[in-house]
Ligand SMILES: Cc1cc2nc3c(=O)[nH]c(=O)nc-3n(C[C@H](O)[C@H](O)[C@H](O)COP(=O)(O)O)c2cc1C
């Protein structure tokens, strides 16, 4: 299978599986416990049907919109994800360049393998920094100050990762960062020589110490396992979220809100946006799908805050369904991560092109010429 054989996100997943050592693939693809939530995040879209209008004159359509004060060419955000240079040596640079090319929001993780400053200096497409809250307040402050200096457009505070989820595939396949060399993991790397050679010769084994942000702030090398168990601040509450918003002073998004009550609180503390998200099913298994929660949250706070439906998106129709339900736009991680892992920047660009073409084609087939015409009258729940 090659890049030219990829015609949808599921194809990129297959190619990534073919090219990655299994511990690395399982880190991307895996989720918490029985992975029920991960699978529901996508199948939730199947419970709703689109009702098209015809004869609508769709020769020219406009897929663009304004999200969190910045223009985006598509109603799709590239959600922040950790450790991208482990998946492909081009890592965040490839995803950021692709986002720049298509003029999309790019989210960089607290656990990125490229610096805030480097991403900040790349292009003028909108960029958000995803913040985890650490016990070390100095580290939080330094990340916020670096984002201010690098002129990031928004901070997304992740609130669903108060403890790490139990990702059983990772426990079984032994994913760790930096990699631990066991007979089984060595075999998995040896069986994927292209990945292994890139990792050894291009990365020189040097990357995954969280050295870009976390260790730069603490002066201490850190494994991802230790990071989740020792560094995150479990006392994080609404008061602290409000303080972080104040400290940042710019566009502020809460990532991981799932309930109406929390969406209302997000409005109260002055957040500009929420990402309805369960972290791609990687945290609380059994959590509802983001798409299932869009309607009630939009009914409660729509118009007061922007609502991003994050997770499970694999098709253009998923984006349209999320928007017609009441979301401002959609976002996702694996939709570009499989492509990054499979083929670097050309992979990410092809994945975005496929989703862009699906969104455009499906809007035309729905008889809508702009995204604000996507309303609930266009949907029927089964
Ligand atoms: C491999 C991987 C790493 C992730 N790392 C982070 C992270 O560092 N911070 C964060 O807030 N979310 C992280 N996420 C969650 C994504 O931002 C997003 O919420 C999730 O991918 C949405 O689900 P989807 O993959 O089905 O689109 C990660 C997701 C994946 C798959």
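For all residues, glycine too, the Cβ spot is worked out from N, Cα and C.
Residue 279 (active site, proton acceptor) carries a helical DSSP state (H, G or I). Sequence annotations record features per position, and here TrEMBL assigns active site, proton acceptor to 279.
Summarising the annotation, TrEMBL assigns glyoxylate binding site to 27, 132, 167, 279, 282. Proximity of residue 167 (glyoxylate binding site) to non-local residues of its own chain (separation of 6 or more, Cβ distance below 8 Å) is seen for 27, 30, 31, 32, 282, given in sequence order.
Long-range C-beta contacts of residue 80 (FMN binding site), restricted to its own chain and to partners at least six residues apart, with a cutoff below 8 Å, comprise 107, 108, 109, 110, 112, 128, 129, 130, 156, 158, 255, 333. What TrEMBL lists as FMN binding site is 80-82, 109, 130, 158, 255, 277, 310-314, 333-334.
Marked as domain 'FMN hydroxy acid dehydrogenase' by TrEMBL: 1-382.
The local packing around residue 132 (glyoxylate binding site), expressed as other Cβ atoms within 10 Å of its Cβ over all shown chains, amounts to 24. Around residue 312 (FMN binding site), the same-chain residues six or more apart in sequence whose CB sits under 8 Å from its CB are 38, 40, 41, 42, 43, 44, 45, 280, 289, 290, 291, 318, 332, listed in sequence order. For residue 279 (active site, proton acceptor), other Cβ atoms within 10 Å of its Cβ number 25. Checking the binding-site residues 80, 82, 132, 167, 314 against ligand 1, the ones with a C-beta less than 6 Å from an atom of that molecule are 80, 82.
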